[in-house]
Amino acid sequence: MRWVRALLKNASLAGAPKYIEHFSKFSPSPLSMKQFLDFGSSNACEKTSFTFLRQELPVRLANIMKEINLLPDRVLGTPSVQLVQSWYVQSLLDIMEFLDKDPEDHRTLSQFTDALVTIRNRHNDVVPTMAQGVLEYKDTYGDDPVSNQNIQYFLDRFYLSRISIRMLINQHTLIFDGSTNPAHPKHIGSIDPNCSVSDVVKDAYDMAKLLCDKYYMASPDLEIQEVNATNANQPIHMVYVPSHLYHMLFELFKNAMRATVESHESSLTLPPIKIMVALGEEDLSIKMSDRGGGVPLRKIERLFSYMYSTAPTPQPGTGGTPLAGFGYGLPISRLYAKYFQGDLQLFSMEGFGTDAVIYLKALSTDSVERLPVYNKSAWRHYQTIQEAGDWCVPSTEPKNTSTYRVS
């Protein structure tokens, strides 16, 4: 019986390239925050969601799977990247099982929800596993500027695609699993229609403070100020995914606290971390200001690079959060901001401190998913060969101009 199951599995895996080729021809369909809310409103239809997801999830999976294959062979050959590929193939095949199923069958809908939970759990470790693949590549082959550029481009798109896929899965499973989250009864799936920005700020600060106190035995205080330009003197609320905002803020607080404590080791008091939340007609901006000594300008963009992490390589079985050891906190946080058309930027003054600004869309109709699509433009990016720069590179030693004198 075991060999029969193996035969069937191999037969289904053989069909994967055909599915990838087919679904990658379609572009993903980005949803706005308002559409997510409408999808999950009180009259939400599970059949409609099922019909949409069994087409949309394969499109998103297939698009990014085509890009995985464009990575350098030396990256694709690492055990970790091959493992991630196998997860994506299996998840695509899992959804294919429902392509011709009847949405009127309640058992089918229940099985689909169970399949989505299985897929979500299967992909829980995608980020650290892919990060391990990058480390395996670097340890074996060292640094290659062209490959590094392609890997950075790919990982931004790959992780953003992953965020979007988990968003779709979470919305469906949270809304249609037949239960209500007692801690957040008014949430629609993972979305809070009336998210208090300051409350999320305080939650992220409290958790970061807990870690900082545990490690350094001290932590800076928090000061929050709100400016509501659209409705003066009213607390600032928005339609957003609190877990996404928390992820961004928690990462920024950790960085700000560490910098503040380490740059004021000899001081009796620590300067506070200041938060400014401003709501305008288009943007909701959150600025975090610290007095942690700042970062040189040349290092700012490197903080968002997957290839230049200064964090120590995590060791298996040492406990803690694996992601922390890869130095991916800031790059992933910026992707969470960009996912709904926002951004995360750092402005630093070396010798003083750093301002980190999260930009989000104020209106739910403007908060539209930012999704990678596999097309000729993306393909060409991976074929680009780095050429010589067209700007002078400063020399470390002044030139002897006497050699250029006209005789």
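Glycine too: its Cβ is placed from the backbone N, Cα and C atoms.
Feature annotation from Swiss-Prot assigns ATP binding site to 251-258, D290, 309-310, 325-330. The feature domain 'Histidine kinase' is assigned by Swiss-Prot to 135-364, with sequence analysis given as support. Among the features that Swiss-Prot reports, phosphotyrosine is placed at Y215, Y216, with the record citing similarity to another entry. Annotation comment: Swiss-Prot describes K376 as N6-succinyllysine.
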**Study point:** Position of peak Cβ density within 10 Å, selected from the modified residues Y215, Y216
**Key:** Y216
Practice item. Mind checking which of E251, K254, M257, G329 has the fewest other CB atoms within 10 A of its CB? They're the binding-site residues. Key: K254
Point to revise | Integer Å distance between the CA atoms belonging to K254 (ATP binding site) and K376 (N6-succinyllysine) | key: 40
Review point. What's the CA-CA gap between M257 (ATP binding site) and Y216 (phosphotyrosine) in angstrom, rounded?
Key: 10
Review point. Distance between K254 (ATP binding site) and Y215 (phosphotyrosine) at the Cα atoms, whole Å?
Key: 11
**Study point:** Secondary structure at G329 (ATP binding site), reduced by DSSP to three states
**Key:** helix
Point to revise | Rounded inter-Cα distance in Å - Y215 (phosphotyrosine), E251 (ATP binding site) | key: 16
**Study point:** Separation of alpha carbons, Y216 (phosphotyrosine) and G329 (ATP binding site) (Å)
**Key:** 20
Exercise for review: Would you count the other CB atoms within 10 A of the CB of K376 (N6-succinyllysine), including those on all shown protein chains?
Suggested key: 7
